[in-house]
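J.: Attaching a single structure in C-alpha coordinates format; questions to follow.
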(Lines of atoms letter the chains of each structure in order from A; the text may use other names.)
(Lines give C-alpha, C1' and ligand atoms only; values in the text may rest on other atoms or scores of the structure.)
Protein backbone atom coordinates (compact mmCIF):
# COMPACT_ATOMS: atom_id res chain seq x y z
CA UNK A 1 0.00 0.00 0.00
CA UNK A 2 1.09 3.55 -0.68
CA UNK A 3 0.90 6.67 1.44
CA UNK A 4 2.16 7.52 4.88
CA UNK A 5 1.88 3.91 6.11
CA UNK A 6 4.45 2.82 3.54
CA UNK A 7 7.12 5.21 4.74
CA UNK A 8 9.71 4.01 7.22
CA UNK A 9 8.76 4.60 10.82
CA UNK A 10 11.00 7.61 11.44
CA UNK A 11 9.46 9.38 8.44
CA UNK A 12 5.76 8.97 9.31
CA UNK A 13 4.48 12.56 9.46
CA UNK A 14 1.13 11.93 11.13
CA UNK A 15 2.70 9.84 13.86
CA UNK A 16 5.44 12.44 14.40
CA UNK A 17 2.81 15.18 14.62
CA UNK A 18 0.96 13.26 17.33
CA UNK A 19 4.11 12.51 19.32
CA UNK A 20 6.13 15.70 18.85
CA UNK A 21 3.67 18.37 17.74
CA UNK A 22 3.16 20.10 14.39
CA UNK A 23 6.05 22.49 15.03
CA UNK A 24 8.53 19.63 14.79
CA UNK A 25 7.53 18.75 11.22
CA UNK A 26 9.24 20.03 8.09
CA UNK A 27 7.31 21.68 5.28
CA UNK A 28 7.30 18.45 3.28
CA UNK A 29 5.93 16.52 6.26
CA UNK A 30 3.16 19.04 6.95
CA UNK A 31 2.22 18.94 3.29
CA UNK A 32 2.18 15.13 3.45
CA UNK A 33 -0.29 15.24 6.34
CA UNK A 34 -2.61 17.42 4.26
CA UNK A 35 -2.26 15.20 1.20
CA UNK A 36 -2.78 12.01 3.29
CA UNK A 37 -1.76 9.59 0.54
CA UNK A 38 0.62 9.39 -2.37
CA UNK A 39 0.04 7.80 -5.75
CA UNK A 40 0.64 4.33 -7.14
CA UNK A 41 4.12 5.34 -8.23
CA UNK A 42 5.35 7.37 -5.26
CA UNK A 43 4.93 7.85 -1.53
CA UNK A 44 3.16 10.86 -0.09
CA UNK A 45 6.50 12.37 0.97
CA UNK A 46 7.85 12.05 -2.55
CA UNK A 47 4.68 13.72 -3.82
CA UNK A 48 5.19 16.51 -1.26
CA UNK A 49 8.75 17.01 -2.48
CA UNK A 50 7.54 17.20 -6.07
CA UNK A 51 4.90 19.81 -5.25
CA UNK A 52 7.33 21.97 -3.27
CA UNK A 53 9.89 21.76 -6.06
CA UNK A 54 7.28 22.65 -8.69
CA UNK A 55 6.28 25.82 -6.82
CA UNK A 56 9.77 26.68 -5.56
CA UNK A 57 8.72 26.22 -1.94
CA UNK A 58 5.87 27.73 0.07
CA UNK A 59 6.16 31.23 -1.39
CA UNK A 60 4.50 30.28 -4.68
CA UNK A 61 2.56 27.29 -3.38
CA UNK A 62 0.35 29.42 -1.14
CA UNK A 63 -1.17 31.10 -4.21
CA UNK A 64 -1.40 27.98 -6.38
CA UNK A 65 -4.59 27.59 -8.40
CA UNK A 66 -6.61 24.42 -8.81
CA UNK A 67 -5.42 24.13 -12.40
CA UNK A 68 -1.76 24.45 -11.41
CA UNK A 69 -2.06 21.83 -8.68
CA UNK A 70 -3.90 19.20 -10.73
CA UNK A 71 -1.32 19.58 -13.50
CA UNK A 72 1.12 17.77 -11.19
CA UNK A 73 1.04 13.99 -11.63
CA UNK A 74 -0.44 12.42 -8.51
CA UNK A 75 -2.51 15.45 -7.49
CA UNK A 76 -6.20 15.13 -8.29
CA UNK A 77 -9.06 17.50 -7.65
CA UNK A 78 -9.62 16.17 -4.11
CA UNK A 79 -6.01 16.75 -3.02
CA UNK A 80 -5.88 20.13 -4.76
CA UNK A 81 -9.03 21.41 -3.06
CA UNK A 82 -7.76 20.21 0.34
CA UNK A 83 -4.59 22.24 -0.12
CA UNK A 84 -6.37 25.34 -1.38
CA UNK A 85 -8.79 25.22 1.57
CA UNK A 86 -5.91 24.80 4.05
CA UNK A 87 -4.02 27.77 2.60
CA UNK A 88 -7.12 29.98 2.76
CA UNK A 89 -7.74 29.00 6.39
CA UNK A 90 -4.14 29.95 7.16
CA UNK A 91 -4.60 33.39 5.62
CA UNK A 92 -7.81 33.95 7.57
CA UNK A 93 -6.19 32.91 10.84
CA UNK A 94 -3.40 35.44 10.30
CA UNK A 95 -6.01 38.15 9.75
CA UNK A 96 -7.98 37.18 12.86
CA UNK A 97 -5.04 38.03 15.09
CA UNK A 98 -5.21 41.65 14.04
CA UNK A 99 -8.94 42.20 13.66
CA UNK A 100 -11.40 43.68 16.14
CA UNK A 101 -10.37 47.31 16.22
CA UNK A 102 -6.63 46.91 15.81
CA UNK A 103 -4.94 50.17 16.87
CA UNK A 104 -2.22 51.70 14.73
CA UNK A 105 0.25 53.93 16.55
CA UNK A 106 3.24 53.71 14.22
CA UNK A 107 4.29 52.63 10.72
CA UNK A 108 5.52 49.39 12.30
CA UNK A 109 2.02 48.66 13.62
CA UNK A 110 0.57 49.16 10.16
CA UNK A 111 3.21 47.01 8.46
CA UNK A 112 2.70 44.24 11.02
CA UNK A 113 -1.05 44.33 10.43
CA UNK A 114 -0.76 43.82 6.66
CA UNK A 115 2.67 42.26 6.01
CA UNK A 116 1.74 38.56 5.85
CA UNK A 117 -1.30 39.23 3.71
CA UNK A 118 0.44 41.48 1.18
CA UNK A 119 4.09 40.51 0.91
CA UNK A 120 3.52 37.46 -1.30
CA UNK A 121 1.00 39.03 -3.69
CA UNK A 122 2.12 38.69 -7.30
CA UNK A 123 0.38 41.87 -8.45
CA UNK A 124 0.37 45.30 -6.87
CA UNK A 125 -2.63 45.81 -4.58
CA UNK A 126 -3.55 49.30 -3.38
CA UNK A 127 -5.29 49.01 -0.02
CA UNK A 128 -6.71 51.62 2.33
CA UNK A 129 -7.18 51.27 6.07
CA UNK A 130 -9.91 53.50 7.47
CA UNK A 131 -9.42 54.61 11.07
CA UNK A 132 -11.58 56.20 13.75
CA UNK A 133 -10.50 59.04 16.04
CA UNK A 134 -8.64 56.53 18.27
CA UNK A 135 -6.56 55.29 15.31
CA UNK A 136 -8.41 51.97 15.36
CA UNK A 137 -9.02 50.17 12.07
CA UNK A 138 -12.74 50.23 11.30
CA UNK A 139 -12.55 49.06 7.69
CA UNK A 140 -10.12 47.82 5.06
CA UNK A 141 -10.69 48.17 1.34
CA UNK A 142 -8.72 47.05 -1.72
CA UNK A 143 -9.07 50.03 -4.05
CA UNK A 144 -7.49 48.48 -7.12
CA UNK A 145 -5.12 45.78 -8.36
CA UNK A 146 -2.39 46.60 -10.87
CA UNK A 147 0.58 48.90 -11.39
CA UNK A 148 0.34 52.05 -9.28
CA UNK A 149 -0.36 55.08 -11.42
CA UNK A 150 -1.67 58.52 -10.52
CA UNK A 151 -4.21 58.33 -13.34
CA UNK A 152 -5.64 55.06 -11.95
CA UNK A 153 -5.71 55.76 -8.20
CA UNK A 154 -8.54 58.27 -8.14
CA UNK A 155 -9.08 60.11 -4.84
CA UNK A 156 -12.84 59.69 -5.29
CA UNK A 157 -12.55 55.91 -4.76
CA UNK A 158 -10.30 56.34 -1.74
CA UNK A 159 -12.40 58.94 0.06
CA UNK A 160 -15.83 57.59 -0.91
CA UNK A 161 -15.31 54.69 1.48
CA UNK A 162 -14.04 57.05 4.16
CA UNK A 163 -17.32 58.97 4.08
CA UNK A 164 -19.35 55.76 4.10
CA UNK A 165 -17.50 54.54 7.20
CA UNK A 166 -17.31 57.95 8.91
CA UNK A 167 -13.55 57.51 9.07
CA UNK A 168 -11.39 60.15 10.72
CA UNK A 169 -8.24 59.26 8.79
CA UNK A 170 -6.77 56.91 6.22
CA UNK A 171 -3.58 54.91 5.81
CA UNK A 172 -2.75 53.77 2.29
CA UNK A 173 -0.68 50.70 1.50
CA UNK A 174 0.50 48.89 -1.56
CA UNK A 175 2.91 46.05 -2.18
CA UNK A 176 5.90 45.68 -4.47
CA UNK A 177 5.89 42.11 -5.84
CA UNK A 178 9.65 42.38 -6.37
CA UNK A 179 10.07 42.39 -2.58
CA UNK A 180 11.88 45.76 -2.67
CA UNK A 181 9.75 48.46 -0.97
CA UNK A 182 11.75 51.43 -2.30
CA UNK A 183 9.23 54.07 -3.49
CA UNK A 184 8.99 54.99 -7.16
CA UNK A 185 8.27 58.45 -8.56
CA UNK A 186 4.68 57.35 -9.21
CA UNK A 187 4.33 56.16 -5.61
CA UNK A 188 5.34 59.59 -4.35
CA UNK A 189 3.09 61.46 -6.81
CA UNK A 190 0.07 59.35 -5.89
CA UNK A 191 0.75 59.95 -2.20
CA UNK A 192 1.03 63.73 -2.55
CA UNK A 193 -2.19 63.87 -4.56
CA UNK A 194 -4.12 61.89 -1.94
CA UNK A 195 -2.67 63.90 0.95
CA UNK A 196 -3.71 67.17 -0.71
CA UNK A 197 -7.24 65.90 -1.36
CA UNK A 198 -7.46 64.76 2.25
CA UNK A 199 -6.51 68.22 3.48
CA UNK A 200 -9.24 69.80 1.35
CA UNK A 201 -12.04 67.52 2.53
CA UNK A 202 -10.85 67.13 6.12
CA UNK A 203 -9.87 63.45 6.20
CA UNK A 204 -6.16 63.10 6.90
CA UNK A 205 -3.99 60.64 5.01
CA UNK A 206 -1.67 59.60 7.82
CA UNK A 207 0.80 57.53 5.82
CA UNK A 208 1.44 55.49 2.71
CA UNK A 209 3.20 52.21 3.50
CA UNK A 210 4.94 50.21 0.80
CA UNK A 211 5.16 46.50 1.62
CA UNK A 212 8.10 44.39 0.44
CA UNK A 213 9.25 40.95 1.49
CA UNK A 214 9.53 41.31 5.28
CA UNK A 215 10.47 44.96 4.66
CA UNK A 216 8.48 48.14 4.39
CA UNK A 217 8.89 51.85 3.72
CA UNK A 218 6.82 54.62 5.31
CA UNK A 219 6.49 57.61 2.98
CA UNK A 220 5.72 59.73 6.03
CA UNK A 221 9.03 58.75 7.60
CA UNK A 222 10.70 59.53 4.27
CA UNK A 223 9.30 63.07 4.40
CA UNK A 224 6.78 62.76 1.57
CA UNK A 225 3.80 63.44 3.85
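Numbering starts at 1 and runs along the chain as displayed.
From the backbone N, Cα and C atoms, a Cβ is placed for every residue, glycine too.
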J.: If I go by Swiss-Prot, the feature motif 'JAMM motif' sits on one of 160-173, 174-187, 188-201. Which?
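T.: Per Swiss-Prot, the stretch marked motif 'JAMM motif' is 174-187.
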J.: I'd like the number of other C-beta atoms within 10 A of the C-beta of residue 176 (Zn(2+) binding site), please.
T.: 23
J.: Setting 174, 176, 187 aside, what same-chain residues sit with their Cβ within 8 Å of the center of the Cβ atoms that define the Zn(2+) site, listed in sequence order?
T.: 124, 148, 175, 181, 183, 184, 210, 211
